[in-house]
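Trainee: Mind having a look at this structure? Questions to follow.
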Amino acid sequence: TSIYTCYEGVGLPVDPLQGCHYYVTSQTCGFVPLLPIEVMKDRCCRELAAISSNCRCEGLRVFIDRAFPPSQSQGGGPPQPPLAPRCPTEVKRDFARTLALPGQCNLPTIHGGPYCVFP
């Protein structure tokens, strides 16, 4: 499978990794989550595990760009959760890039190990 077969509806679910949004935000923005952190992490990791290893990095990229667009730090993008109105977007983007790593979901990717290479 190449990256060209990893897009929403083909290789990726539509609107991938939505279960990761509040997990990422809770881990980066310093507020107490509504659910136990282990529950949110497990849900996020299950959603990431459901994506084939060849498409996991692309799934993370799509999720990050949609959930935490770079323009959000300049006031654009979708509204943030009310509990984290001043949380920097780049902090959330950086944390979300680590979701495949051993300290998080520890899932293999197209690169052969539990990591992604992002531009």
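Backbone N, Cα and C define each Cβ position, glycine as well.
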Trainee: CYS20 pairs with which of CYS6, CYS29, CYS44 in a disulfide, per Swiss-Prot?
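Mentor: Its disulfide partner, as Swiss-Prot records it, is CYS44.
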Trainee: Tell me which of CYS45, CYS55, CYS57 Swiss-Prot records as disulfide-bonded to CYS116.
Mentor: CYS57
Trainee: So CYS105 is in a disulfide according to Swiss-Prot. Which of these is its partner: CYS45, CYS55, CYS87?
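Mentor: Swiss-Prot says the disulfide from CYS105 goes to CYS45.
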Trainee: Based on the record in Swiss-Prot, give the one of CYS29, CYS55 in a disulfide bond with CYS6.
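Mentor: That record, Swiss-Prot, gives the partner as CYS55.
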Trainee: Distance check, please: Cα of CYS45 (disulfide bond) against Cα of CYS57 (disulfide bond), rounded to an integer number of angstrom.
Mentor: 13
Trainee: Cα of CYS44 (disulfide bond) to Cα of CYS105 (disulfide bond): how many Å, rounded?
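Mentor: Between the Cα atoms of CYS44 (disulfide bond) and CYS105 (disulfide bond), the distance comes to 8 Å.
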Trainee: Considering only the disulfide-bonded residues CYS20, CYS29, CYS87, CYS116, which residue has the minimal Cα-Cα separation from CYS55 (disulfide bond)?
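Mentor: Sorting the disulfide-bonded residues by distance from CYS55 (disulfide bond), the top entry is CYS116.
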